[in-house]
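**Student:** Sharing the features that TrEMBL gives for it:
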type    : residues                                  : note
BINDING : Gly70, Arg75, Glu92, Pro93, Thr94, Gln132 : S-adenosyl-L-methionine binding site
Amino acid sequence: MASKVNNAAGKSYWEGIEADVDGMLGGIPSQPGFQNVSKVDLQGSKNFLAKLGIGERNGLRVVDRALEGGAGIGRVTEGLLVKVASKVDIIEPTAKFTAALEGKPGVGKIHNVGLEEWRPAVDDRYDLVWVQWCAGHLNDEQLVSFLDRCKSVLTNPKDAVIVVKENTTTNGEDDFDEVDSSVTRGDAKFLSIFKQAGLKVAKAELQRGLPQTQALTLFPIKMYALKPV
């Protein structure tokens, strides 16, 4: 199913989406009972980072530089990453989404390219790489290659970390979405891809607290903290 991913079709889809939280989350916040999805998501991510020693609280560290893949309008950038990193660089192919982030405190370089096109500069080094709800727009080979490039820019194999936060299927099979040309992978597929990229899972857990209704059930969302093998 991942082989069906078409990067151009995916970018075309997002060009037609409104630059707001409702658009970023696929209209879920407009559904009754789902207004707090973004808040719950951000809190879950914050708690996960705290378990990795990263955060604002006493005893945790604010990292120097972070990189966010697929930042959209900066929902996670502003809601989480600029609070735990002194500078956040962004990869986001849709320029209209990142326009409002230009020059904002804590926001560094903005790369308006797809993840499959991004190439780090020689001096790019990151303590934290955050990849959320965008890996599905890469086929398996592209995702392995992207994660390998992310691995190459980590500052310190001991402390630096890549976090992948993505929807996962419940049956373990790939689920292709023809609307936005993306794929939802199962846990086993993610683990295989991480291994191919030379990464190991240092910590993993499911996002908790997201609402479910009879009318709308969300995919399980899993967070993986990855470090070089």
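Along the chain as shown, residues are numbered 1 onward.
Backbone N, Cα and C atoms are what each Cβ position is placed from, and that goes for glycine too.
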**Student:** List the residues of the same chain that sit at least 6 positions away from Gln132 (S-adenosyl-L-methionine binding site) in sequence and have their Cβ under 8 Å from its Cβ, in sequence order, or write 'none'.
**Tutor:** Ser45, Glu68, Gly69, Gly70, Val76, Val163, Val164, Lys165, Glu166
**Student:** Looking only at Gly70, Arg75, Glu92, Pro93, Thr94, Gln132, which the record lists for S-adenosyl-L-methionine, tell me the maximum pairwise CA distance in angstrom.
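**Tutor:** Greatest Cα separation within the listed binding residues comes to 16 Å.
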**Student:** Rank the binding-site residues Glu92, Thr94 by how many other Cβ atoms lie within 10 Å of each Cβ and give me the one with the fewest.
**Tutor:** Thr94
